[in-house]
Amino acid sequence: MTAHFPFDNSYVALPPNFFARVAPTPVAAPRLIKLNRPLAVQLGLDPDLLETPEGAEILSGNQMPETAASIAMAYAGHQFGNFVPQLGDGRAILLGEVVDRNGVRRDIQLKGAGRTPFSRMGDGRAALGPVLREYIVSEAMAALGIPTTRSLAAVLTGETVLRDPIQPGAVLTRVASSHIRVGTFQYFAARGDLASVRALADHAIARHYPEAAQAPSPYLALLEGVIGRQAELVASWMMVGFIHGVMNTDNCSVAGETIDYGPCAFMDTFDPKTVYSSIDQFGRYAYGNQPPIALWNLTRLAECLVRLLADDDDKGIEIAQTALGGFAEQFNAAYLAKLAAKLGLFTSQPDDQQLSQEFLTALAKGEADFTLAFRRLSDAAVDPSDLGEVRALFADPAAFDEWAPRWRARIATEPQDATTRQAAMRRVNPAYIPRNHRIEAVIRAAVDRDDFAPFEEILTVLANPFEEKAEFARYAEPPQPHEQVLETFCGT
């Protein structure tokens, strides 16, 4: 029986300069590592069929579903501030789109499926390590409630890829609301192709912002919609210590999802200057720089839309600048509301922002673990007089000791009872995140020993990040000094 993919493809209806038609390059011996069965069901796919050898053939790119329209998408992008007029899918091939059980259109893409016209000097392949990292982190982000691309499957290819060191090859099946990036708009704008910019904007409105079509200025509504989603997204990143690592405009999703996990990492000890990515030598994409970089990326999008916002360039620029001016307010509102909730502040008082920021200052001064400090504060919410477990996380607790009495006094003014407050705090302060040293251990077991049991276990743990279980206690702990991962790599 043939695995059925109910593709309903819309992107291929756009002009041919938007993509290149390309077939995946076959692999030697595909072997399914993991299928995301709940996601498969949500997409209207048959997980039992996908777990057969035929399913592995499809998920590796060896066989194409009948209704697939496999393409590599064209886009440009600013990489670390430098504009590259042509990038495109160099190792990813979009099989097609399905409408899921919630009526949402989703892309299904094979990452590591072989060379495309956009591959430049690359081999079009993916190594096992980065595939496992993206699978783990994207699914963890989904469980944390943060908009993200998803991972449907991971498949070994039976081949090796030339990396340093040589690694087993793998293919990731990625699912996204779309793969339209800021860089997609830049690709056409850089060529002076206003007709294609307009066609892309119309497509993005129809797919992601249908309400914008009824607005007095649909293209302004599109820009404002993307600004709002990015503000909310990056605020959510900040709440879990997530560092994307490579916030280039080609990695900025117009749909407002986290995309392209590459050298991403989660911060252990709180420090706004934290950088893990080996290619971010000057800290452009450090944890604390992510909000202004998001605005920088959105400004590049606005530049592409100026001629759609008004016939006169000066007027279009003025309209765009006004829209961009709303980012800071939207980000700050989302950020401060989320941060207050993490501290158990569910009503608003004038000094809440200062109290919240002072806790972050105490974390930095005390070199405390970001995730664990908030979680232990949640645990202490029932009896705020005993903050011993929180205090023990601080190498230097002086700033925390100064802050703690003010927090106790503030939460005493909250209307809910202590048990309700604790439950609410635990719903926003995860016990488990994909800690870098845990991911590295999973990758080493898989790459070095062909052992995927640790991979399965970490997925189980991270599927319920807010539910603490004694048997998973080690996953909540920060790394020991010898376990610390100080640098992450893109893997391309």
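Cβ from N, Cα, C; glycine included.
These figures come from a predicted structure and were not determined experimentally.
The active site, proton acceptor annotation in Swiss-Prot covers D250. Per Swiss-Prot, ATP binding site is recorded for G88, G90, R91, K111, D123, G124, R174, R181, D260, and the stated evidence type is sequence analysis. Among the features that Swiss-Prot reports, Mg(2+) binding site is placed at N251, D260, with the record citing sequence analysis.
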Farthest-apart CA atoms of G88, G90, R91, K111, D123, G124, R174, R181, D260, residues recorded for ATP, distance in Å: 23
Rounded Cα separation (Å) that holds between R91 (ATP binding site) and the residue listed as 'active site, proton acceptor': 14
D123 (ATP binding site) CB neighbourhood, other CB atoms within 10 A: 17
Top Cα neighbour of the residue listed as 'active site, proton acceptor' in the set of binding-site residues G88, D123, R174: G88
Alpha-carbon spacing, D260 (ATP binding site) to N251 (Mg(2+) binding site), which is rounded to whole Å: 6
For R174 (ATP binding site): DSSP state (helix, strand, coil): strand
